[in-house]
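Q: Just passing along the structure, written as structure tokens.
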């Protein structure tokens, strides 16, 4: 089994010539390699809908984790229930932070996401995933190279120094149009916020709609230099 400790650069290759641009082959390899020792960390954005559909084909009983910060859009929570109905065998869990919002406010002050968003992300997303991955050898992410400069060198299989794990990214070669084409083709549920200017959807407090010519990440932490929650930092 390939682990963080036994990592070998470029030890695997996958054909990218099928409809899924290699994604299905990567997932088949991942679940054969790791079985129950892998989890998909899903934000339930539109890329997530594609991955959930593909994962369901490979392993309908796969574990999926949603990092519930307790400040997501109500549309996101509603979508999770629709996904549960569409893929009833998937093991979808909602991972809670160590602190409630009230406990966080008592300890760090009101509206931490405004005056220290990095700490807020650490408490409500990074530490919960870190706790979960302590018992796993690998995790799956919906990163695409097209999304941003910080993601353009992502590979199918990555040594993840942040979580000392293996990070699997099946959709690296997909474009925004290809993602939506797949969603429409398979009649997949998706967050209605995508239809009103939200290409990337995170916590309600830190996500804004973007203009017609904005990039897919422009609405996240708008007005600050922050571009990532920290899950994908190396």
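Cβ coordinates are placed from backbone N, Cα and C, and glycine is handled just like the others.
A quick note: this is a predicted structure, and the numbers were derived from the prediction, not measured.
According to Swiss-Prot:
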type	residues	note
ACT_SITE	229	active site, nucleophile
BINDING	120, 121, 203, 206	[4Fe-4S] cluster binding site
Q: For the binding-site residues 120, 121, 203, 206, work out the Cβ neighbour count at 10 Å and name the residue with the minimum.
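A: Selected from the binding-site residues 120, 121, 203, 206 on minimum Cβ neighbours within 10 Å: 206.
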Q: Can you tell me the three-state DSSP label for residue 206 ([4Fe-4S] cluster binding site)?
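A: DSSP assigns residue 206 ([4Fe-4S] cluster binding site) to helix.
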Q: Per DSSP, residue 121 ([4Fe-4S] cluster binding site) is which: helix, strand or coil?
A: helix
